[in-house]
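Student: Per Swiss-Prot, transmembrane segment is recorded for 24-44, 57-77, 99-119, 124-144, 149-169, 183-203, 227-247, 325-345, 384-404, 425-445, 448-468, 514-534 (among others), and the stated evidence type is sequence analysis.
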Amino acid sequence: MIWHVQNENFILDSTRIFMKAFHLLLFDGSLIFPECILIFGLILLLMIDSSSDQKDIPWLYFIPSTSLVMSITALLFRWREEPMISFSGNFQTNNFNEIFQFLILLCSTLCIPLSVEYIECTEMAITEFLLFVLTATLGGMFLCGANDFITIFVAPECFSLCSYLLSGYTKKDVRSNEATMKYLLMGGASSSILVHGFSWLYGSSGGEIELQEIVNGLINTQMYNSPGISIALIFITVGIGFKLSPAPSHQWTPDVYEGVRFVREIPTSLSISEMFGFFKTPWTCRREISPTPVVAFLSVTSKVAASASATRIFDIPFYFSSNGWHLLLEILAILSMILGNLIAITQTSMKRMLAYSSIGQIGYVIIGIIVGDSNDGYASMITYMLFYISMNLGTFACIVLFGLRTGTDNIRDYAGLYTKDPFLALSLALCLLSLGGLPPLAGFFGKLYLFWCGWQAGLYFLVLIGLLTSVVSIYYYLKIIKLLMTGRNQEITPHVRNYRRSPLRSNNSIELSMIVCVIASTIPGISMNPIIAIAQDSLF
């Protein structure tokens, strides 16, 4: 009898929960329509994979690509709609959040073509790779619109778990496993620190979890200037810092960038046609081919999602502690710009060089976060983030292509690449120059707008540090470009000497992404006004 009553209560509770969830989806589901498209793509991928006897179907790439493009289209149609809070205050929809969601979708859309040839070469499982990418994208999108502590914690964990799985995808490789373990341990520690900071805010505000309600709670409890808020600020800054990877929270970045790799069998002394699979040979040597598209994906999406979350957390709950978080972020920006660019000079691996370069780049982005809504700080940050996506992914596309064709990512092995593949060498040079901020490329105008906004806000010291470190970054980028263009015959390594020249017209999906990113890294800088206007229009 007791079991009967308990069973009936369980059924009633389950039905009530289901009806409430259905009610939320029915009335609030349209506000997360772009996310629903990705969820549908995930379900479709799983259904096809479970129902098909043939594994690793090549056209599976079409499903996530179509889902991402449709999600971008849905976001564009929703532009300039009134801000809405849905799902009982857990999720907020406005132009500011949507532009970050657009950037994340753009990153994922460009990263999928990078992975096609890579997965074919490594013979890795297609479905799982695409599932992880789509799920991470979904987590990043929910993080951009998160309006309470629970969503702010769960959404990045969704992204982070997929990132851990992607970084450890080549489980037979020792260095990949080592990098994944470091990434996992530091990620878990940072999440714990972040939650601890949330708990201080939760207690100080009288038990509120929504961002705006926390501000009201702090006013009611008169705790907005208490020591507990300072403790919460420190812990939350450390937790978010891991996602953004500024110095000194950057230790995982170079190791993960270099550790994510794969090993491919390449013949030692055969013709180019034999090396690329036209003939079989029984004797081969093992060479590293890197970096992977996983690194390209992690290098941009995590920073975009974390930047969106950081702006909302610092701007709303810590409204009364603006001087405190400004000081903390200024320290992080200075350390990132100086350490990132100085250490990048000494690197011999392209992956580690780009890792330290990204640490320096996030220092520039932090300037926009500090400036904030006033003086177009957020608009300059969004503009520079858009250019950074194209510059960084374009550079990674070039390096992925070079790695697939040569089996190396050592900087000295790029010597004389222009003599073998002018198209690839010029593309890499343009992306590196844009990252350095040389005119008239997009990176120059992005940095100019960012530094100008910082100068207008009175951040003179930060802007001067940014200018000096930009000159340092130009030095090590030009050093690589000089190697590409002027490598002497005796300096050309066997990797480039045996390089297979790529045709100007190619169906290679990596080259397609590379061309798109190179164009986006050069042309938009000439016509900045429309981009700036869109960024300014998105401010909340």
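Glycine is no exception: its Cβ is also placed from the backbone N, Cα and C atoms.
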Student: Test of understanding: applying the rule of at least three C-beta pairs under 8 Å (pairs 6 or more apart in sequence), is the transmembrane segment (425-445) touching the transmembrane segment (384-404)?
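Tutor: Judged by the Cβ rule, the two regions touch, with the required three close pairs present.
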Student: Ranking 57-77, 124-144, 227-247, 514-534 by Cβ pairs under 8 Å to the transmembrane segment (183-203), which is first?
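Tutor: If we count Cβ pairs closer than 8 Å to the transmembrane segment (183-203), 227-247 scores highest.
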Student: For the transmembrane segment (99-119), give me same-chain residues lying six or more residues beyond its boundaries with a C-beta closer than 8 angstroms to one of its C-beta atoms, as numbers and ranges.
Tutor: 34, 61, 64-65, 68-69, 71-72, 75-76, 126, 129-130, 133-134, 136-137, 140-141, 144-145, 262, 292-293, 296-297, 300-301, 304-305, 307-308, 382, 385-386, 389, 393, 396-397, 400, 404, 508-510, 512-513, 516-517, 534-535, 538
Student: Per the definition of 3+ C-beta pairs under 8 A with sequence separation of 6 or more, do the transmembrane segment (425-445) and the transmembrane segment (514-534) touch?
Tutor: yes
Student: Report, as numbers and ranges, which residues of the same chain sit near the transmembrane segment (124-144): CB under 8 Å and 6 or more residues beyond its ends.
Tutor: 34-35, 38-39, 41-42, 45-46, 48-49, 55-58, 60-61, 63-64, 67-68, 91, 97-98, 100-101, 104-105, 107-108, 111-112, 115, 151-152, 154-160, 162-163, 165-166, 169-170, 262, 297, 301-302, 304-306, 308-309
